[in-house]
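Please read the structure below before turning to the comments.
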C-alpha cells in the first residue's frame with residue numbers, strides 16, 4: 001500500500017538521439033489503479049520498467065511510499081511485476097514459483113505456505129500447485145504470474161500488458177479478475193496496455209501517452225468525453241471519434257459546402273478548426289448535413305455506418321432498427337461537439353455546449 | 001427403416017475419413033518420393049562408404065585383432081582369446097595410466113566447463129564492445145590442437161617459456177617434459193585453454209535462450225546475484241551443461257591426443273599420458289597390435305557407455321525450447 005510519485009522523469013537510451021520518455025509528472029494515490037495507454041513505442045513500457053527498476057532513470061525522480069527508489073535494486077523497491085509472457089520459472093512448480101520471491105526475502109516458512117495457499121485459493125490454482133508451468137494453459141500461467149505478485153504483498157503491482165498473449169474471451173474474463181483482485185487487495189497498481197478498451201474498463205485513472213509524453217490524465221469517462229487532443233480523441237473509444245476539417249464563425253460550423261448552426265456560438269474560435277464528433281452523437285435529422293453511405297458494419301446491438309460528408313469520412317453508430325438509405329441527413333444530437341486546433345491538435349474553445357460528459361476538466 | 005440407418009451409421013466414419021484427409025496433406029507435397037527403390041541407396045552410397053571404410057571396418061578389425069597376438073612383422077597371428085585384455089587390465093602401468101586419464105579428464109572437464117561458463121556469464125553482461133569480446137573469446141577455438149600444443153610447448157619451454165619464467169618467480173622450477181607433474185600441469189593448462197571457447201559458445205547461446213523476462217522476474221524476486229544465478233540461471237542452463245559435460249569428457253579422453261603427442265613425443269623421461277596415447281604407443285611404436293586393439297576396444301566400450309548415458313538419461317531431460 002503506497003503512493004507513487006513520478007517527478008520530471010525522462011529516459012534517454014544510450015546512443016539514442018532523443019528522449020524515449022520525456023518529463024513525466026504523475027502522482028498515483030494509494031490504492032489507485034492507473035493504466036498507461038498508448039500506441040506501441042509511446043514509452044509506456046519504458047516508464048513502467050523505470051518504476052520497476054529494470055531501466056535506469058535518466059532524469060527525474062521516482063518515489064514509492066515516499067522513498068526515493070532511483071538507485072534501488074528492483075528487489076528492494078517493494079514492487080511485484082506481471083509480465084506479458086508470464087515469465088514463470090520453467091524449472092519450478094507453481095508452488096515454488098509463487099514462493100520464490102518470499103523465500104529469498106527470508107520469510108518464515110509457515111507465512112510462505114499460508115500466503116501461497118491463500119493466493120492459490122483466490123486464483124483457483126489449488127489443483128495445479130505441484131505442476132510445472134509447461135503443463136498449464138496460457139490463462140493458468142497468467143494466474144500463476146499474478147499469484148506470484150500477490151503473495152509478495154508488495155507496495156505496488158506493475159502489469160506489463162499481462163493479457164495480450166491470451167485469446168479474446170479469456171482476456172475479458174481475466175480483465176474482470178484483475179480488477180476484482182485489485183479492488184479487494186487495495187494495492188496501488190500501474191497497468192500498461194495498448195488496448196484502449198482494456199484501459200477504459202480497468203482504470204481508476206487513465207494516462208494516455210504519445211511519443212514519450214503524457215497527452216492526458218483523467219478518469220476513463222473524463223477522457224472519453226473531453227479528449228485533450230486529436231490524438232486522444234482518435235485513440236480512446238471505438239469506433240474512433242470522427243475528426244473532420246471545419247470552419248467556425250460564431251454559431252455556424254462550415255464543413256466543405258455544407259454548414260450546421262449551433263444553438264450557441266462557439267467561444268474563442270474563429271476560422272479553421274478540427275471538429276470532433278463521436279459516432280454515437282450523430283443521428284439522422286430532418287435537416288443538417290448530407291451524408292452519403294459507403295459501407296455498413298453490423299455489430300448486432302448497433303450498426304456502424306461509414307460514409308462521407310462533403311468528401312470527408314464520417315462514421316455513425318445507429319440502432320439496427322433505423323432504416324438505411326444511400327443518402328441521409330444527419331446532425332449532431334445535443335451539443336456534443338469537440339474542437340481542436342488545426343496546427344497543434346490541442347483541444348480549443350471549450351464551449352458550455354461541449355461540456356456534456358461527467359467528470360471535471362483538469 | 002434400413003436406408004436411414006445405414007446413412008446414419010456410415011456418416012461418422014465418413015466424417016472421420018474427411019478429417020483424416022484434411023489433417024494429412026497429400027503425400028507428394030510432404031516428402032520427395034523416388035520411383036526406383038535403388039536410387040536413394042545410390043545417393044547415400046558415398047557417405048555410407050566413408051562411414052563403413054573409416055569407422056566400422058577399423059572398429060571391426062580392432063575387435064578381431066584384440067583376440068590375437070600378431071607377429072610384429074605381420075607374418076601371422078595367434079588366437080589368444082581374452083589374454084590381451086587380461087594383460088592390459090592386469091598391468092600396473094595400464095592401471096596407472098588409466099588413473100591419470102581419469103584425473104586428467106575430470107580436471108579438464110570441470111575446469112574448461114567452469115571457466116567457459118564464467119566467461120560466458122560475464123560476456124553476456126557486457127554491453128559496450130560486445131562483439132569484440134566474443135570474437136576474442138571464440139577465436140581460440142579456431143586453433144588446431146597440434147598448433148595449440150606447439151604454442152603450449154613454447155609457453156612452457158625450458159628456456160623461453162613465459163609461464164616457466166613466471167613460475168620461477170615463485171621459486172617453482174618447472175620442467176615440462178622432464179618432471180611428471182610439471183608435464184601434467186602443462187597438459188592440463190593447454191587442454192583446458194583449448195576447450196574453453198567451445199564451452200563458451202554453447203553456454204553463451206544457452207544463456208541467450210533464457211527469456212529476458214524470466215531474468216527480470218528473478219531480478220525482482222531475488223536481490224542476491226549469486227543466488228539468482230544458482231536458483232534460476234543455472235537450472236535453466238542445465239541441459240546445455242549436461243551436453244557439454246559429455247562433449248568435454250570425450251574431448252579430454254580422445255581429442256587431446258595431438259596435444260599430448262606434441263608435449264611428450266621424443267621426451268626421454270617418464271611423462272604422463274592418457275589411455276588413447278598408450279593405444280598409439282603400444283600399437284604403432286611397440287608394434288603390439290593385439291594389446292593395443294584390446295585397449296582401444298575397452299575405450300570404445302567406455303564411449304559406448306557414455307553415449308548410452310547421454311541418450312537414456314540426458315536426452316530425456318533436455319526439453320528443447
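Note: Cβ is positioned from N, Cα and C throughout, glycine not excepted.
Annotation source TrEMBL lists domain 'ABC transmembrane type-1' at B:98-310.
Feature annotation from TrEMBL assigns transmembrane segment to B:38-57 (among others).
Residues 137, 184, 187-188, 191-192, 195-200, 202-204, 206-207, 229, 233, 237, 241, 244-245, 248-249, 251-253, 256, 272-275, 278 of the same chain, all 6+ positions outside the transmembrane segment (B:97-121), place their C-beta atoms under 8 angstroms from a C-beta of that stretch. Under the heading transmembrane segment, TrEMBL lists B:97-121 (among others).
According to TrEMBL, the feature transmembrane segment maps to B:133-156 (among others). When Cβ-Cβ distances below 8 Å are used as the criterion, the transmembrane segment (B:133-156) is approached by residues 119, 123, 126, 162-164, 174, 176, 186, 189-190, 193-194, 196-198, 200-201, 204, 255-263 of the same chain, each at least six residues removed from its ends.
What TrEMBL lists as transmembrane segment is B:184-210 (among others).
Sequence annotations record features per position, and here TrEMBL assigns transmembrane segment to B:231-254 (among others).
Annotation source TrEMBL lists transmembrane segment at B:294-314 (among others).
Sequence-distant contacts of the transmembrane segment (B:231-254), counting only residues of its own chain at least 6 positions beyond either end whose CB sits under 8 Å from a CB of the stretch, comprise 101, 104-105, 108-109, 112-113, 116-117, 121, 191, 195, 198-199, 202-203, 205-207, 210, 214-215, 218, 222, 274-276, 299, 302-303, 306, 309-310, 314, 317-320. Counting only same-chain residues 6+ beyond the ends of the transmembrane segment (B:294-314), those with a CB under 8 A from a CB of the stretch are 59, 62-63, 66, 84-85, 87-89, 94, 239, 242-243, 246, 249-250, 253-254, 275-276, 278-279, 282-283.
Under 8 Å from some Cβ of the transmembrane segment (B:184-210) lie the Cβ atoms of residues 100, 104, 107-108, 111-113, 115-117, 119-121, 123-124, 134, 137-141, 143, 145, 148-149, 151-153, 155-156, 163, 174, 176, 233, 236-237, 239-241, 243-244, 247-248, 251-252, 256, 259-260, 263, 272, 321, all in the same chain and six or more residues away from its ends.
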